Structures are given as C-alpha cells and as structure tokens.
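Asks: Dropping the structure in here first, questions after.
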Amino acid sequence: MVSTSDHASVVSMNLFVALLCACIVIGHLLEENRWMNESITALMIGISTGVIILLFSGGKSSHILVFSEDLFFIYLLPPIIFNAGFQVKKKQFFVNFMTIMLFGAIGTLISCAVITLGASQIFEKLDIGPLELGDYLAIGAIFAATDSVCTLQVLNQDETPLLYSLVFGEGVVNDATSVVLFNAIQSFDLNHIDPSIALHFLGNFLYLFVASTMLGVLTGLLSAYIIKKLYIGRHSTDREVALMMLMAYLSYMLAKLCYLSGILTVFFCGIVMSHYTWHNVTESSRITTKHSFATLSFVAEIFIFLYVGMDALDIEKWKFVSDSPGTSIAASSVLLGLILVGRAAFVFPLSFISNLAKKSPNEKISFRQQVIIWWAGLMRGAVSMALAYNQFTMSGHTSLRSNAVMITSTITVVLVSTVVFGLMTKPLIRLLLPHTPNHKEINIVIATDTSTPKSATVPLLGSAQDSEVDIDPIHRPSSIRALLRTPTHTVHRLWRKFDDAFMRPVFGGRGFVPVEPGSPSERNGHQWR
C-alpha cells in the first residue's frame, strides 16, 4: 500500500504527463496557425488547468507541482540549450559572432541599467514596500533576461537565418550574462560600492565567459576523441548514443561544479559535438541522436511553459496583493514599459555600430530587421521566473508584501510578453519581411537531402552543414585592405585550413574514416565529403 502523500504524487504526475500529451496533440492541430506556437499553446493549457484546479480545490491551490529552481536549471534547461547549439547554423552564428556578443553581453548590461534605474525611480512612488539597492539591481538582471526558448518557436532558421542567428545567439549569451549578473549582485557587498567593484565585476564576467566556453569546447572534443579512437559503435550503438548524451550533460554539471556558466558551456559543447563527435558515430547513431536531442528539448520546453501557466494562478502570492491589485498591475505595466525601452536602448544603437563595421549592404542589419530583433527579444520566460523566485521567495514561498508584488508582477510580465509579443512576432515578420525566395534560396533547397523526413531535418544536420558548405565563394585576400574588408570570410577560411590540417585528423569529423575498418562510417564516409 502506498501512503497518501505518495498516492497524491502519483496522481499529480499522471495528470501532468496527460497535460503534456494534450499540449503535443493540440500543438500539432494548430501547426499551420499563423498566430499560435507550441509555447503559447502550453501556456494557455497551463492557465486553463490552473483555473480548473483552483475551482476544485476551493481556491487553495492552482498547480500540481511545486516550482523548483533545481528542476529548471539542472534538468530542464540543459537539453534545450544543448540542442540549440547542436542544431545552430555554425557559419551563420560565427559570421555574426561579434554582433551577437554586442547584443548579448553589452546589450544586456544596458538593458539591466535602464530597468534598474527606471524601477528604482518609479517603484518608490507606487508604495510597493521596502526594496533595497540589491533588489533593484536584481530586478534589472531578472527582466534583462530574454526568453531564448520562445525564440526557437517564433523564428524560423530557414526563412530568416540572419534574424534567427542574431536573436537566438543573443538570447543564449543574454541568459548567461543575466545569470552571471544576478549571481554577482548577490555575492558583492553593495553597502560599500567603489570603482574597484566595477573592475572586479568586469574581470569576473570575462573569466566566466572564456572559462565556460573553453570547458564546453574541451568536453565536446574529449567526447569526439574517445568515440573516434575506441569506435564504440562496432559493439553497441546504444553506448555511442549514451556516451554523447552523458558527456553533454557532464559539461553542464562540471560548469556548475566550477561555478561557471552552464548555459554557455553546454551550448558550445553542442556546437563542438555537432562538428566532430556526430560524424564519428555510426549512421544509425546519427539518426538516433538527432531525434533524441530534439525530443528531449521539445518535451522540456513544453514542460516549462505548461508549469509557468499553472503557476501563474498561485493563490498564495495573489492573496498578498488582493487588497491593492492596482499596485501589482501598475508594477507590471512599469516593468513591461521598461523592458520595451531597455531593449530599444541597445538594439538600435548597437545595430548602427555593427553596421559601421560591415562594408557589404547585404550584411548590414536593415531598420526593418532591427525592429523585428527588438520585438522578438521582448519575451520573458522561465529564466526570469527562476531568478525572481530565487530573489523574492524562500523555497517558493514568501511572507513579505513587496516580495509578493514582485513575484506576481514577474508572472504577469511573463504571461503578457509571451502571449502578446509571441502572437505578434510571426505576423510582424510577414509584414516587414515578406518572404520571396530568390534563385540562391531555390538552389539551396534543391541541394537539401530530400530523403530526410521533416521531423529529422534540423538545419545543422540537413542541408545546412554550413560550416562546410560555402554558399558565398571565399576569395583569398590580395592585400591588407582586402583582408580588413572581409575579416569574417578570412577568419572562416583560415579556420577551415587549420581544422582540416590539425583538428580533424585528431578529433574526426566529416570526411574522416573511423579507426575500425569496415565500419558503417567508413563505407558511407564518401557521401559526407
């Protein structure tokens, strides 16, 4: 016999899994809808379920699981970020790397500063309650974090590759920067502020960024070397797949162990694994890993939005603001306005700076594209929720009115930004950038492997092995001026030469025959050249 609490847990898990299944089915039925996407579908189902549970429980509770930061940061976020790195178009990402870093790092700091200053000036007049300097700085970091998960749903990597590369790449760096900012705010003594703190913070950020990236790269290279040398697939393809999954997760946990950014680590681990490790496994393992990583990411995304929708109606937090609902609404409106202003404060100026460094008109970010980048990055999601719970609650509960107002305001901002901004993103893209395929795009589509089913076609692994395919011919620069005119192309060409000469013979990758003679990869090796 199971105890009452165990039985309740089993019932809760059954209900939650059934809701996940419902999200998948309804999302499939709404696949062609120009407004809806998986994130919004899961969010709306979560809210509807929360209302039903609230009614059946007599207004005591609206959710069946308790929100846990560990659940989010340790179990749900890693597969999403890893799969994003595994699928990303590497050439598009690295060609725009400096712009992505401008938006993701510098832009996040600007947005954080705008939100912090605005909140500190306006919240005092709203009589929210006692908030200290550390709280205002934390608010800036919380609401500077964009929702890279929702970005995956509303932007299409094939239709708008530049926008997807910029917005999603910025989102990953932005999430990492926001978490680093948040942790730094909590660790520094804000009662004694001096110029050395700013330098210390800058040095700490650069260290975290470089160290996290290198840890992800090294873990990815280690997995490639082990699989290439041992050729585990000759005995069991299951071991290959398991090793790839476990080493990807190990990179994230190592980053946590070393107090680094797990988001950056697992993202770059995904990029390296897709470039080397994936080509070293058997053909059946390639198909398995594609589907496995995509499926884990997909389920984790739905899980997050479903729970956020249910948690939005948590009666405990709303009771604190029931006597003055206008305060919570005003705080939410102020935060939404500051998010709009804070994002505009860096997207347009930094786009102008980025365009100054680009000579070709085709590489510059047009004003219409800047508007879409600004709009698509306005959504806030689970990262903001998790950071807000960390700052303003104790194990998911709060007893202070000011903290309750901030939690309810965060929930409102996440719901409104995801639903309203998320619903409007696709129509906005169609309005500002009507899709008219040119001859180049048609040729690229023809080159796609048509034998791959749609569910298995991910941009990195289908036609867009774009680190290997040069869509635009790269000419050797004939002078220093030519070198400076096309720095990204030159760096890409030099990297290709270094990669072919030194990296691939050691770590494998496309075009290199595995150690084991007669392996499936050896027999099919020439098709990957």
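All residue numbers here begin at 1 and follow the chain in the order shown.
Even glycines carry a Cβ here, placed using N, Cα and C.
Caution: TrEMBL annotation is automatic and unverified by curators.
A quick note: this is a predicted structure, and the numbers were derived from the prediction, not measured.
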Asks: Would you mind telling me which of 42-58, 246-262, 263-279 TrEMBL tags as transmembrane segment?
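Replies: Here TrEMBL associates transmembrane segment with the stretch 42-58.
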Asks: State the residues, same chain only, that lie 6 or more residues beyond the ends of the transmembrane segment (404-424) and have a CB under 8 A from a CB inside it; answer 'none' if no residue qualifies.
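Replies: Here the qualifying positions are 35-37, 39-40, 43-44, 47, 128-129, 131, 135, 139, 142-143, 147, 150, 153-154, 305, 308-309, 311-312, 314, 317-321, 327-329, 331-332, 335-336, 339, 375-376, 378-381, 384-385, 388-389, 391-393, 398.
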Asks: If contact means at least 3 Cβ pairs within less than 8 Å, sequence distance 6 or more, would you call the transmembrane segment (42-58) and the transmembrane segment (291-309) in contact?
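Replies: They do touch: at least three Cβ pairs between the two stretches lie under 8 Å.
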Asks: Is the transmembrane segment (329-350) in contact with the transmembrane segment (64-86), using three or more Cβ pairs under 8 angstroms as the rule and ignoring pairs under 6 apart in sequence?
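Replies: Touching, no - the transmembrane segment (64-86) and the transmembrane segment (329-350) miss the threshold of 3 or more Cβ pairs under 8 Å.
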